[in-house]
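Contents: one structure, followed by commentary.
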Amino acid sequence: MLHRATTTAAAAAAAALLLCPVQALVRPDGVGKLPALGWNSWNAFGCDIDEEKILTAANQIVNLGLKDLGYEYVNIDDCWSVKSGRNATTGRIMPDLTKFPDGISGLAEKIHNLGLKIGIYSSAGWTTCAGYPASLGNETIDAETFAEWGIDYLKYDNCGVPPDWQDQYSYCVPDSGDPATNPNGTCPNLQNPAPAVYDWRTSKTAERYRRMRDALLGVQDKRTILFSLCDWGQADVNEWGAETGNSWRMSGDISPNWPRISTIANLNSFELNSVDFWGHNDPDMLEVGNGNLTLAENRAHFALWAAMKSPLIIGTALDKIDQDHLSILSNKYLLTFHQDPQIGRPAYPYKWGYNPDWTFDPGHPAEYWSGPTSSGDVLVLMLNTESGPANRTAVWSEVPELKGRNNNNNSSSTGFQVTDAWTGSSLGCVQGGYSVELESHDVAVLVVSGEC
């Protein structure tokens with residue numbers, strides 16, 4: 001399996017992308033089969049949350065047409081509970097009633113009445129990342145509580161881990177963005193690495209997450225709760241994430257700047273063999289509309305996350321979003337690919353462009369991507385990773401899904417009907433390939449259809 005970019009040979013890497021994922025966590029009602037679509041409070045508000053902000057987001061999902069496009073989860077992140085501790089009598093986590101005067105159950109009812117679902121946050125430790133009560137050792141009672149409240153989604157973080165639950169070995173997550181620190185996707189300065197034959201399924205991290213998985217499955221007769229693992233890519237989660245949860249973080253936190261987005265996209269491009277129905281790599285929540293990202297960078301960020309079939313969890317204040325950013329989040333071509341009910345695999349890089357193929361480069365991830373759809377169309381992305389404008393060309397004979405789909409042996413005269421996914425405009429019958437001038441960090445998204 002291609003893993004953590006330690007392989008640079010193109011043949012070995014390409015073969016790895018064809019491997020089947022591990023046994024997945026399959027739910028009888030279909031929850032978690034496709035990557036999640038929704039909103040989360042953290043990137044927009046951090047700890048400064050309350051019922052009004054969550055309900056505003058929920059109403060905006062409806063009013064802006066996002067619900068009609070499939071966005072359904074409204075997720076409360078950290079800082080929702082009483083920080084001083086659990087209920088001394090029941091042992092349950094208590095919602096902070098100054099922030100949520102109707103409790104979480106009351107808020108859940110209001111969100112459900114909008115035809116949406118609600119998510120909540122905890123951690124596989126004693127405390128959350130912000131120091132609030134977490135769920136390690138209390139998995140059963142917390143799962144029961146969440147089910148009783150009407151929770152539909154659990155984001156489960158990796159903070160507050162006590163010493164006796166820490167892993168025996170360290171794991172390499174090469175997401176520093178610094179090629180000197182992580183040359184070719186490695187961690188040469190990693191302290192206490194595991195032996196090559198070590199099975200990370202036996203790690204304490206994997207066990208902490210399995211405990212909550214089992215607790216959630218134990219209340220499944222009352223409520224199905226999507227399980228989103230947030231262990232930052234630690235403990236080789238790609239190997240056991242699909243059998244434990246519905247999605248799993250494959251890196252550290254995102255931030256609203258291009259170097260961080262590029263770093264995460266680069267790392268995830270080497271780990272896409274883990275993605276299929278029921279299990280999805282999570283490169284973290286969307287930053288579309290946040291920070292000082294250019295419009296081009298917002299487009300590239302969303303297009304890559306959608307093409308990789310990552311969870312698309314909006315992280316901006318929806319009552320303040322402008323039309324340009326809303327249009328990106330609402331792109332029907334990318335969302336159709338992302339939510340394809342018959343094809344679970346994501347788009348894969350087929351050419352690196354700026355670098356030789358299979359180069360691990362946080363500043364210049366793969367630039368050419370393609371993926372199939374159940375309609376027979378092919379999604380093609382071209383990314384400009386350079387710091388200035390540059391031309392990019394998708395040559396049809398190089399796109400894996402287009403090979404063999406013509407009568408001219410993939411000659412330069414082969415033509416396909418092409419649609420620009422950003423404008424929705426038909427580009428007509430395009431012969432041989434398509435060239436476009438892209439601004440720095442922008443992406444072209446094409447839908448390639450029948451021969452012509």
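Cβ from N, Cα, C; glycine included.
Per Swiss-Prot, C47 makes its disulfide bond with C79 among C79, C129. Note on the recorded positions C47, A235: the fewest other CB atoms within 10 A surround the CB of C47. Each residue contributes its Cα atom, and for C129 (disulfide bond) and D253 (active site, proton donor) those atoms are 12 Å apart. On a Cα basis, N138 (N-linked glycosylation site) lies 22 Å away from A235 (substrate binding site).
In sequence order, P256, N257 are the residues near N292 (N-linked glycosylation site), counting only same-chain partners six or more apart with C-beta under 8 A. The C-beta environment of D231 (substrate binding site), restricted to residues of the same chain at least 6 apart in sequence and closer than 8 Å, consists of A124, N158, T205, Y209, V237, W248, R249.
Of all the Cβ atoms in the protein chains shown, 22 others lie within 10 Å of the Cβ of C79 (disulfide bond).
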